[in-house]
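See structure below.
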Amino acid sequence: MRSPLIAGNWKMNGSLALVEQFGEAFADANVPPDVSIALMLPFPYLAVAQRALSGTPMAWGGQTLHDQRSGAFTGEVSGSMLVEFGARYVLIGHSERRAMFHEDDAAVLARVSAALDVGLTPVVCVGETLAEREAGRTEDVVLKQVDVVFSGIDAEARERLVIAYEPVWAIGTGKTASPDQAQAIHASIRAHVEQYSVALAAGLHVLYGGSMKAANAAELLAQPDIDGGLIGGASLQVDEFLAICQSAG
Ligand code: PEP
């Protein structure tokens, strides 16, 4: 019912040459037809992505956006600019944005609304820190982050969200949540979203992110409430990312 979505997050990594390499490799790669694939790229690479990834099964997107359409916001990029470059997705509220760029709940909600306004699919990242997990607060923290977004938009808009559960302690650390740990929180997110609508919860894509790689992807993606992956480090290598996409089919 929920076909998998595998999304790469290059963060501030990669090169124009690497975008071209992905374009060439995925043009005739053997990827399962029911798996959606996307790369969240640094802004300057979007123009090349629009050419090099067209004709591949891969979509592309940004890693953040500003909440206003235009104006005196030096250094920022709007959703309509992403759309001009063919972006279909945008990451919002990645833990690095929350921690390093001070994106709080209000900022996350404003960005989600801005993305929806221009037709982008927001991939909203939620997740607990190690201290929060050790204090037994994982569910509280994650479900609150989910509620901030779901309670701030209307029913039709809720249908267009993707959630990425990314335990902060697993991002870029090589420590992956075990399939059971990840499944438990994914199931809690889905059960919690039922309060908005049972059908919404059943159709909601909840991706797992945090040191996912080819070697552990199949086991994580086999969990009933894990509907795909958000992949950082391992999305920078064509063969590794392709293997993850293949294990989702
Ligand atoms: C991420 O940045 O969203 C991420 C999951 O990174 P990594 O796969 O490198 O842990």
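Note that Cβ sites are derived from N, Cα and C of the backbone, with glycine treated the same way.
If you look up TrEMBL, you'll see HIS94 marked as active site, electrophile. Annotation note: HIS94 (active site, electrophile) sits in a coil segment as assigned by DSSP.
A coil conformation is recorded for GLU166 (active site, proton acceptor) in the three-state DSSP classification, outside any helix or strand. Residues or ranges marked as active site, proton acceptor in TrEMBL: GLU166.
Annotated substrate binding site per TrEMBL: ASN9, TRP10, LYS11, GLY172, SER211, GLY232, GLY233, in sequence order. Of all Cβ atoms in the shown protein chains, 20 besides its own fall within 10 Å of the Cβ of SER211 (substrate binding site).
Cβ neighbour count within 10 Å across all protein chains ranks GLY232 highest among the binding-site residues GLY172, GLY232, GLY233. Ligand 1 lies within reach of ASN9, GLY233 from the binding-site residues ASN9, TRP10, GLY233, judged by a C-beta closer than 6 angstroms to any of its atoms. Reported as a whole number, the C-alpha separation between LYS11 (substrate binding site) and HIS94 (active site, electrophile) equals 10 Å.
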